[in-house]
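Swiss-Prot annotations:
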{"type": "BINDING", "residues": "ARG21, HIS133, THR352", "note": "substrate binding site"}
{"type": "BINDING", "residues": "GLY108, PHE109, SER179, HIS207, THR233", "note": "pyridoxal 5'-phosphate binding site"}
{"type": "MOD_RES", "residues": "LYS236", "note": "N6-(pyridoxal phosphate)lysine"}
Amino acid sequence: MSWQQRVDDALTARRATDTLRRRYVVSQGAGRWLVANGRQYLNFSSNDYLGLSQHPQIIRAWQQAATRFGVGSGGSGHISGYSVAHQALEEELAQWLGYPRALLFISGFAANQAVITALMKKNDRIVADRLSHASLLEAANLSPAQLRRFIHNDTQHLSRLLQSPCPGQQLVVAEGIYSMDGDSAPLAEIQQITHKHHAWLLVDDAHGIGVTGVEGRGTCWLQGMKPELLVVTFGKGFGVSGAAVLCSESVANYLLQFARHLVYSTSMPPAQAQALSASLAVIRSDEGCERREKLADLVKRFRAGVNASRFTLLNAHSAIQPLVVGDNIRALRLAEALRRRGCWVSAIRPPTVPAGTARLRLTLTQSHEACDIDRLLEVLHGAGE
């Protein structure tokens, strides 16, 4: 088989199963409104949960820092790319979340890959929730460690897998809030089982940090537990981009030596780090609390109004509200019907979600108003198929 045939066959297979992804060009897409092809839509696909991507205080912080530092970091943090802005943000994050250290990464994908590839060795075992993010599962598959996956949020299955003899170390992997189902993991119970078997726990709280818990400290804080490794990302609740790993002093020093995604990547711009510090200040403030409360009220309004007899509404009380419709074509047609009526919604299909669970992934944000939720419900219940 030639290279071209391999490429063509893969694309043909995606088209045949209605799983071919496409990108849309938008002129505005993070906030309440999405604008594409000159038309304005109510936006129910954004991860900007607290509406901070448009916050004037955060925008101003980035602009001022860009004037001071320039628009790029100039290199890896191990060479010349670790500025006072990076250092300040790491210290603020560590203090906020109660860890000795925080290390910044350019993305959540990079952070997850870096931690797993740096830590896991031959004879080790990774025990991950089946619905863990692609960045975690890909890193686990590429590592020399054995990967076992437990049934989603099934702590009994997790316990059985950990009981199996392992000559090396074991790492349990879970998420605070799952990106496609919107539900939370029973983290306190998972941690108890993990420690019983002398393993470590990694929690990716990309969709919980900033949005849940006191001062937005996230899902782990809300459940009263602290994993050995906490990954937080900044493209959702923070409204910016990037990520950080929270850990012990010794693990931070280890990652600085052996995490290749950190050592060999240009660090985020100092202006981005300063904008993230400004975002953190808003998240921790009374304004941040008000934004979280408004978002929670909007989620309740949506769940109370949706017609559960027509859609499978998952047990999600986060900003992520998936409506499982099953069939790929049905999901695509529903998304298109909603767009025709002014609501921008994403149809999520395999391989992002398991076969037979295609869905509309609705995301609500603080930028929405109650009337927007009512309009979404009206359009959902009236959408033709």
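Every residue gets a Cβ built from N, Cα and C, even glycine.
When the C-alpha distances from THR233 (pyridoxal 5'-phosphate binding site) to the binding-site residues ARG21, HIS133, THR352 are tabulated, the minimum falls on HIS133. Shown in sequence order, HIS133, ALA206, HIS207, ILE320 are the residues of the chain, 6+ apart in sequence, with a C-beta less than 8 angstroms from the C-beta of SER179 (pyridoxal 5'-phosphate binding site). For the binding-site residues shown (ARG21, GLY108, PHE109, THR352), fewest C-beta neighbours within 10 angstroms: ARG21. In sequence order, HIS133, SER135, ASP204, ALA206, VAL231, GLY235, LYS236, ALA243 are the same-chain residues whose CB sits within 8 A of the CB centroid of GLY108, PHE109, SER179, HIS207, THR233, the residues recorded for pyridoxal 5'-phosphate being left out. Spatially close to the residue listed as 'N6-(pyridoxal phosphate)lysine' yet at least six residues away along the chain are ASN47, ASP48, TYR49, ALA206, HIS207, ILE209, GLY210, VAL211, judged by Cβ distances under 8 angstroms. Each residue contributes its Cα atom, and for PHE109 (pyridoxal 5'-phosphate binding site) and THR352 (substrate binding site) these two points are 15 Å apart. There are 25 other CB atoms within 10 A of the CB of THR233 (pyridoxal 5'-phosphate binding site), with all protein chains counted. The maximal spread of the substrate binding site, taken as the longest Cα to Cα distance among ARG21, HIS133, THR352, is 18 Å. Ranking the binding-site residues HIS133, HIS207 by C-beta neighbours within 10 Å puts HIS207 at the top.
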